[in-house]
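> Next up is a structure, given as structure tokens.
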Amino acid sequence: MNQALPLFLQKLGYPIGFKPDYQSLGAILKSCAVTANTKLGKSLHTHIIKLGHASCHLVSKALLNMYAKSHALDDSRKLFDQIPSRDSITWNIMLSGFALYRNHDAEVMRLFHEMHIAFDPKPSSVTIAIVLPVCARSGALNLGKCVHCYVMKYGLVSNTLVGNALVSLYAKSGNVYEDAYHVFKEIPEKDVVSWNAMIAGFSENNCVDKAFDTFRWMLEGPTTPNNATIANILPVCGLLEESVGYHFGREIHCHVLRRAELVADLSVVNALVRFYTRIGRMGEAESVFQRMRVRDLVSWNTIISGYTSNSEWLKALELFHELISVGRVELDSVTLLGILPACANLCHFLLGKQIHGYVIRHPQLNEDTSVGNAFLCFYAKCGDIEAAFRAFSSICSRDLISWNSMLHAFADRNLQSPFFELLHRMLEESIKPDSVTILAIIQFCASLSRVDKVKEAHGVSIKSGFLLGDGTPTLGNAVIDAYAKCGDMEYASKIFETSSGKRNVVTCNSIISGYVRSGSTNDAHRIFHYMPERDLTTWNLMIRAYAKNDCPSQALSLFHELKDYGMKPDALTLMSLLPICAQMASVQFLRQCHGYAVRACFKDVHLNAALIDVYSKCGNIDSAYKLFQSTHRKDVVIFTAMVGGYAMHGKGEEALGVFSHMLELGEKPDHVTITAVLSACSHTGLINEGLKIFDSIEKMQGIKPTKEQYACMVDLLARGGRTKDAYSLATEMPFEANASVWGSLLGACRAHHQVQMGRDAANKLFEIETGDIGNYVVLSNLFAADNQWDGVLGIRRLMRTRDLKKPVGCSWIEVEKSKNVFMAGDYSHPERSIIYSTLSILDQQIKEPFPLLLA
């Protein structure tokens with residue numbers, strides 16, 4: 001055909017002796033239709049009129065087809081109106097021309113109606129096959145059903161072409177079981193298109209098992225699967241349970257290898273690569289990809305996106321560079337959507353910006369909303385929130401994903417003002433929020449403890465019906481969690497009670513978490529007891545609840561119950577158990593937890609930090625330091641735990657050594673680290689060192705001292721005897737001094753006999769904290785040490801007036817894996833006779849004079 005066109009044009013230049021017949025003109029017009037050469041087609045139309053061939057049915061149909069296929073629909077309509085007697089082929093040409101373009105769906109249906117009421121000719125099976133896909137893509141199911149009625153009335157129901165179109169119509173409309181499958185079964189002579197339509201219908205409607213059953217049924221018959229069958233069934237295998245899907249996918253792969261035409265088909269091989277990437281078998285995916293003789297952009301996009309979706313970012317970048325080096329393909333939006341998440345997760349800022357430059361130079365990509373959204377997410381994940389907002393602002397046609405992505409970016413950076421400004425702008429532009437928007441608002445407001453805003457968002461979600469349409473109650477769970485985090489357990493409980501029909505494990509975990517946070521262990525246990533299904537998060541929450549509320553035996557009982565249910569504890573489980581080790585001062589139990597963490601190969605830095613902290617609290621500072629040394633990747637949490645451990649044990653020099661090592665490695669300390677090291681200096685009298693660190697907080701670290709750090713400095717100066725400096729600092733600090741500050745100063749005044757200053761500190765302290773009996777005892781002892789007995793009597797009178805009683809003293813020790821508890825005035829211990837006898841001997845030895853050692 002390509003050779004016929006120039007030859008014909010050459011002969012047109014020599015008209016003498018050359019008279020093209022109808023067949024020649026029809027063939028050339030067909031060539032014009034294929035190449036969409038309307039200009040040449042119109043010239044030929046003029047020439048045909050001059051030759052007097054316009055009345056020929058063959059030529060007029062060829063002209064009509066040329067105009068219809070070349071998108072010259074106005075010309076085709078004019079010509080169509082000039083044809084006096086139209087047969088079904090003429091109507092079908094016209095219908096197919098308009099059916100090529102989605103924006104002419106209404107015209108297709110109008111033409112079909114016009115043909116239908118004309119009675120002659122009657123719509124044929126081809127007509128129906130043209131019209132039904134238009135009904136499907138425009139969502140006109142009722143119109144499609146009317147066409148189906150026509151099909152049944154005129155006996156076209158047994159036609160395979162019509163049956164295939166009806167199957168696709170009903171499948172695309174979601175009626176895959178009731179209508180599509182019924183029509184499919186009624187097709188007497190199913191061809192490969194029939195089977196493909198049914199398999200694709202089940203697949204698109206997530207009827208995975210039924211799609212696979214239909215494929216098996218197909219294999220039992222005479223119809224051989226073609227390239228479309230393989231491309232349809234492989235995604236179904238990817239949705240099956242992993243081992244089952246992999247097994248069947250491998251079998252289909254073997255079937256492909258036995259048929260040369262399938263091996264050579266690019267769509268089949270691309271489907272194989274996509275199948276292996278979907279189930280995470282990237283080795284097999286790349287093996288198929290590397291053996292491809294011919295690759296198109298779909299092939300590259302599939303393998304790059306596969307590595308990205310399987311979190312193999314470096315491999316995705318490697319293949320992207322290989323694609324660029326090929327240099328024969330233009331990148332499309334799918335390529336960019338595949339590679340940008342890899343750049344974001346690797347924080348490869350330079351490559352991301354280079355890709356952005358490429359997009360700006362290609363207007364078609366630059367105008368793509370999905371690409372703009374991908375750049376927004378890339379910059380946000382790389383931490384450049386300003387660049388993310390510029391990317392958002394430059395999106396030509398922002399969709400709801402754009403707004404939601406930008407709101408999430410502001411929320412992740414805890415930028416309160418920009419978040420609410422963007423939200424107001426979104427509403428001003430009449431962009432209607434969806435459940436994702438409401439979810440982002442609720443979670444962000446919960447993090448700010450803005451219960452008023454949570455209630456507003458909750459109200460919007462109720463009015464919009466998002467909670468009713470929440471099939472999996474994600475939004476409902478978020479609302480419960482938000483109220484719980486804001487401390488409004490009354491609202492959280494009400495919503496939980498009203499959601500009884502739509503609860504899942506996450507719903508129960510959200511309310512349990514709220515109860516745990518508010519200290520309502522009994523309420524948490526009530527929900528836990530009636531849960532039909534529990535996950536590891538549920539158990540971890542309850543273990544933490546009991547550990548937090550000094551119920552170690554219940555926490556341990558739940559831990560053993562968890563293991564009896566066949567669940568494996570994770571790092572969070574151990575972190576929930578560690579406070580129990582500290583409460584019991586049980587090094588034995590702590591070592592068991594540590595041993596489990598080592599055997600389970602937990603690499604959680606926060607778990608290591610917690611272990612270091614609890615080893616320190618249990619008095620085993622050497623084990624804490626060994627664990628600190630063996631942690632290869634130390635972050636600020638690990639360093640803080642070790643500094644705090646040394647501070648607890650009064651090892652100020654060692655704490656300063658760890659802190660200095662941290663600074664040498666370039667690790668920036670946070671407020672907790674600074675507070676820990678100042679506490680270490682305070683407990684060991686390192687005044688100058690503490691003052692130096694305190695002065696460096698704002699100058700070198702760029703952070704302002706907190707109230708806790710000022711309290712540490714007051715304590716440091718007071719313990720070191722510089723009570724006047726401590727008092728000045730307490731009265732001049734930029735915060736209102738709390739009970740901790742005045743308590744430290746009062747204790748120092750007692751140690752250094754500063755009675756008047758102690759009285760002033762006590763007065764301040766009693767204004768803030770009236771119920772701590774320890775403060776009254778310290779002041780009473782201060783008066784007694786200075787022989788001010790009237791003051792002692794006054795304090796004791798005040799204690800009686802306020803009904804303050806000293807709590808019973810308690811101590812415990814673990815001996816041979818058994819916990820021994822001692823209360824003041826309690827004589828119930830079974831070994832009390834031996835204990836008191838030993839204590840008496842020790843007391844006597846202390847009172848005896850120490851013998852001088854002779855040289």
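Backbone N, Cα and C define each Cβ position, glycine as well.
Note that TrEMBL annotation is computational and uncurated.
Okay, so TrEMBL annotates it like this:
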- 191-225: repeat 'PPR' (REPEAT)
- 265-295: repeat 'PPR' (REPEAT)
- 296-330: repeat 'PPR' (REPEAT)
- 399-433: repeat 'PPR' (REPEAT)
- 504-534: repeat 'PPR' (REPEAT)
- 535-569: repeat 'PPR' (REPEAT)
- 635-669: repeat 'PPR' (REPEAT)
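Situate these features within the shown structure.
Under 8 Å from some Cβ of the repeat 'PPR' (191-225) lie the Cβ atoms of residues 160, 163-164, 167-168, 170-172, 174, 176-177, 180-181, 184, 232-233, 235-237, 239-240, 248, 255, all in the same chain and six or more residues away from its ends.
Through the fold, the repeat 'PPR' (265-295) approaches residues 227-228, 230-231, 234-235, 237-238, 242, 245-246, 249, 253, 256, 302-303, 305-307, 309-310, 312, 315 of its own chain, all at least 6 residues removed from its boundaries and within a Cβ separation under 8 Å.
Listed by sequence, the residues of this chain that lie at least six past the ends of the repeat 'PPR' (296-330) yet keep a Cβ under 8 A from its Cβ atoms are 266, 269-270, 273-274, 276-278, 280, 282, 285-286, 289, 337-339, 341-343, 345-346, 348, 351, 362.
In terms of DSSP helix, strand and coil, the repeat 'PPR' (399-433) has 26 helix, 0 strand, 9 coil.
Among residues of the same chain six or more beyond the repeat 'PPR' (504-534), those with a C-beta under 8 A of the stretch's C-beta atoms are 472-474, 476-478, 480-481, 483-485, 487, 489, 492-493, 496, 541-542, 544-546, 548-549, 551, 565.
Counting same-chain residues at least six beyond the ends of the repeat 'PPR' (535-569), those with a Cβ under 8 angstroms from any Cβ of the stretch are 505, 508-509, 512-513, 515-516, 519, 521, 524-525, 528, 576-577, 579-580, 583-584, 596, 600.
Confidence for the repeat 'PPR' (635-669), expressed as mean pLDDT, is 91.
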> Could you give me three numbers for the repeat 'PPR' (535-569), the DSSP helix, strand and coil residue counts?
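Going by DSSP assignments, the repeat 'PPR' (535-569) contains 26 helix, 0 strand, 9 coil.
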